[in-house]
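Enquirer: First, the structure itself, so that you have it in front of you.
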Amino acid sequence: MTERFDCHHCNESLFGKKYILREESPYCVVCFETLFANTCEECGKPIGCDCKDLSYKDRHWHEACFHCSQCRNSLVDKPFAAKEDQLLCTDCYSNEYSSKCQECKKTIMPGTRKMEYKGSSWHETCFICHRCQQPIGTKSFIPKDNQNFCVPCYEKQHAMQCVQCKKPITTGGVTYREQPWHKECFVCTACRKQLSGQRFTARDDFAYCLNCFCDLYAKKCAGCTNPISGLGGTKYISFEERQWHNDCFNCKKCSLSLVGRGFLTERDDILCPDCGKDI
């Protein structure tokens, strides 16, 4: 007796008929398509065994149904893009959704490298320095007056030049007497200490820190011989081309402060009236 060879689902004999094996079990074509065939996204019909099943992200189409949602041209073996569950050819997608290059005004095609800045887009080859016309790419750039500059060109064309070293000032500049300086170039003429953020003074157009200015130019106190800066509200006494700090203007003998008092002189000494009576 001949062994039976039936459809695993409907039990109809498969002798002399077309069948499909699934997990080693045979099915007639009707049962296989009913049970296992994918449904076409476009027409809603099963994709039969005799049809090519085209799939994209767990969705399936008949070959004849796999076309652009707008122009209806076939997408078989062609690049395409998906937008909100719709498949579009590259031309339709670009016309509808792709951004336009800020420079050449042409569409930036899907898959093309582009540069974006403040809501605008450029082809990579169109995003160039306004001065040297070279592509900026991923390098640093500086925008000015709706134009983009690579850093070297910006420094040459727009950055202020330090009055000391004559090089561009890109960050952290100092203005003194309406002239720009690098912070590291604006230093004391004597000790070369940076003056940015420090108190300083000038003589003959040269800047000095307070210590150097006092050492070089300040008058010396006749009492302690230290400089009298005259800066910051420092008070001092001047008499016959000699100067004293207020705290140093005292009687030579009794050390009484003579500020605001009468006094006498004995050679280079100053004396209070009481000590001067014995002269």
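From the backbone N, Cα and C atoms, a Cβ is placed for every residue, glycine too.
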Enquirer: With Swiss-Prot open, pick whichever of S55, S121, S196, S238 is annotated phosphoserine.
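Expert: Annotation hit in Swiss-Prot: S238.
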Enquirer: Examine the ranges 7-31, 57-81 and name the one recorded by Swiss-Prot as zinc finger.
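Expert: When 7-31, 57-81 are checked in Swiss-Prot, zinc finger belongs to 7-31.
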Enquirer: Swiss-Prot annotation SUMO2 cross-link: which of K83, K156, K220 has it?
Expert: K220
Enquirer: Swiss-Prot annotation SUMO2 cross-link: which of K45, K167 has it?
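Expert: Checking Swiss-Prot against K45, K167, the SUMO2 cross-link entry points to K167.
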Enquirer: Do you know offhand how many angstrom separate K220 (SUMO2 cross-link) and S238 (phosphoserine) by C-alpha?
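Expert: Rounded to the nearest whole number, the Cα-Cα distance is 11 Å.
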Enquirer: May I ask for the residues of the chain that lie six or more residues beyond the zinc finger (7-31) and have a Cβ under 8 Å from a Cβ within it?
Expert: 48-49
Enquirer: Pop the Cα-Cα gap between K78 (SUMO2 cross-link) and K167 (SUMO2 cross-link) into the table, whole Å please.
Expert: 55
Enquirer: Counting across all protein chains shown, how many other Cβ atoms sit within 10 Å of the Cβ of K220 (SUMO2 cross-link)?
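Expert: Excluding its own Cβ, the number within 10 Å is 14.
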